[in-house]
């Protein structure tokens, strides 16, 4: 019985992956559109050369120019789609995801800039004229698409200055969640990472104008208040041993949630309250709060019931 070497399976798998990537690349709608239009224009040129149709020479020059443009951008699109993933894999862990996004966009922009320069050279345009052309185009775009440019600048700042990273939990304008993607125009914020149907898309410029709280990926400090008047207990019944009660509750809560929980007595215009401090990840924050509240309500209810039984006896 002849068995295929392991490297044969690996090579076959690699070949299948490469073939699938090629199919996906060449079936891209943009590339298909470029190819289709190029074939149409090439057919017109061929028919004119065979005298099947008679088209004036000035028009044919424009047709040939269009073919040059379409073929240049089609080849650029193919090269970009074939090589961009290889470059990302080559970078490996050298760069962070945000930097990889920026480098990928810069690489694609460079390829299309080279294609555009090649087209200008074919037109016989000098470097000076190209510089003037790009200057006029940039000035026109700056006035016409100011919001788009602002979004792009904000995207660039988010990727380079890194007020937060992909995978961080952040809060902005009352919206909290996991940063799933930093796009050129929107940041995708998911407040329920366990589901995929619901998420927030926040415009990039919003992150330049509003304060951001970055919880990070690890544990961070949390706190919440619990007003005694809303608890099932009479404050007079526990006031004599409140320090001991809070200390005992802190120890029990710390054991229950496997993290240090600190309770302190405080007050404001709403009345007396217990302020609870603890550390947790964003994912476990509400779960720990729920467990602490359950324990406190159970303890206060037990105290209230015990005092009531003593009064009855």
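Note that Cβ sites are derived from N, Cα and C of the backbone, with glycine treated the same way.
In TrEMBL, annotation is done automatically, which means it is predicted and not curated.
As annotated by TrEMBL, transmembrane segment applies to 26-47 (among others).
The feature transmembrane segment is assigned by TrEMBL to 59-80 (among others). Beyond the transmembrane segment (59-80), the same-chain residues lying 6 or more positions past its ends with a Cβ under 8 Å from any Cβ of the stretch are 25-26, 28, 30-31, 34-35, 37-38, 41-42, 44-45, 48, 107-108, 111-112, 114-115, 118-119, 122-123.
Remote same-chain partners of the transmembrane segment (101-125), defined as residues 6 or more beyond its termini with a Cβ less than 8 Å from a stretch Cβ, comprise 65, 68-69, 72-73, 75-76, 79-80, 84, 87-88, 91, 95, 133, 156, 159-160, 182, 184. Residues or ranges marked as transmembrane segment by TrEMBL: 101-125 (among others).
If you look up TrEMBL, you'll see 131-158 (among others) marked as transmembrane segment.
Annotation comment: TrEMBL describes 147-216 as domain 'Mechanosensitive ion channel MscS'.
Non-local neighbours of the transmembrane segment (131-158) in the same chain are 98, 102, 120, 125, 164, 182-185, 187, 203-205, 207-208; each lies 6+ residues outside the stretch with a CB under 8 Å from one of its CB atoms.
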